[in-house]
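One structure is given below, encoded as structure tokens.
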Amino acid sequence: MASAVLPSGSLCAAAAAAAAAPPGLRLRLRLLLLLLSAAALIPTGDGQNLITEDVTVVEGEVATISCRVKNSDDSVIQLLNPNRQTIYFRDFRPLKDSRFQLVNFSNSELRVSLTNVSISDEGRYFCQLYTDPPQEIYTTITVLVPPRNLMIDIQKDTAVEGEEIEVNCTAMASKPATTIRWFKGNKELTGKSEVEEWSDMYTVTSQLMLTVGKEDDGVPVICLVDHPAVKDMQTQRYLEVQYKPQVHIQLTYPPQGLTREGDTLELTCEAIGKPQPVMVNWVRLDDDLPQHAVVSGSNLLINNLNKTDNGTYRCEASNVVGTAHSDYTLYVYDPPTTIPPPTTTTTTTTIPTIITDTTATTEPAVHDSRAGEDNSIRAVDHAVIGGVVAVVVFAMLCLLIILGRYFARHKGTYFTHEAKGADDAADADTAIINAEGGQNNSEEKKEYFI
């Protein structure tokens, strides 16, 4: 290994001069003495390599710089800042910045920590190894700065359904520039971002255009920051959307939905909107409300129904956004007629329940009470027809039995008269002669009586 040897008298003179120097110059002379001592024996550097890594740190945290020597032979290691000022020479710190602290020093490593890192500490730091020739590598400290402030602003505090509103989110003074993401509830939306740079810092503003509906009322709009220096940084605002009423008519009585003369009809109007409708209004299309109709808040009551009450009844509700309505069509049927049950057929008639349901649309749903009556009439007709058919079948069976017995009786009598005179005959020829003789005798008796 090659080396350079300095006279020992020169080192002693330098040491004496350092001891006698003023305090301000003493530190520099001591550093010079260390350099001269190191230079007294400088290795060639064959087989030695400096190793270090770049450092990324969040502002205000601690950065650790490590200068390592592979295959070390006790060469001197030195660390310098971006201004080429010596931070550490071996285990000695000439720089007065107390934020730099020695973590580890050995023949193969010089490790230094830097606390409370700021954006001004960013840059290249140099590791030097005193060999022949000298070696030098650098490590880069990158400082991340999270957004100083995150603000969200909505163009209008209260919007109306169908209206388009503007929402802005600003992330101030970050490094690098922030990425802003938008969410409405759990659904991610796309905004338009603009970036402004000032003194190595970035301010990002994102704009979101949003068309709101009544289903968006009370839903949060979330501005979320995507930045390597911070996690889960977000802010949000809740939408307030006004919408016109939604109207629905509920049939309270009669429960089965079939209205007949003499019955009572009770309807309830349900209206929901923002702002909530203060009151509802009942009207009858093409006519006035019946004189015996009673309106109590959202309820319409008509006692002792008759056919003059037929018509379409409308419930109207309104607020500052708009007006909506729902219709109910009333048809009053005749009172029920009692039908005697058939003797051979039993039929069970079920009257279905009519459920009225309307919404506030441009073509409101119409409720008709005639549907239940039609089903009832059809069921009654089937019962009557079944009874009549059973009676007719029973009568026909009885008639067939009577006719059968009658024909059977007369057929036996005929055979008896026809065979008269043949009972005592010895053979067939004699029976025929006797039968003919019987007929002649009968004719003779008829002639005699005449």
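These residue numbers are counts, starting from 1, taken along the chain as shown.
Every residue gets a Cβ built from N, Cα and C, even glycine.
Features of the protein shown, as given by TrEMBL:
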- 1-47: signal peptide (SIGNAL)
- 43-142: domain 'Ig-like' (DOMAIN)
- 147-240: domain 'Ig-like' (DOMAIN)
- 245-331: domain 'Ig-like' (DOMAIN)
- 383-403: transmembrane segment (TRANSMEM)
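DSSP places the residues of the domain 'Ig-like' (43-142) in helix, strand and coil in these numbers: 3 helix, 53 strand, 44 coil. The residues of the domain 'Ig-like' (245-331), classed with DSSP into helix (H, G, I), strand (E, B) and coil, number 3 helix, 49 strand, 35 coil. Taken residue by residue, the domain 'Ig-like' (147-240) breaks down under DSSP into 3 helix, 64 strand, 27 coil.
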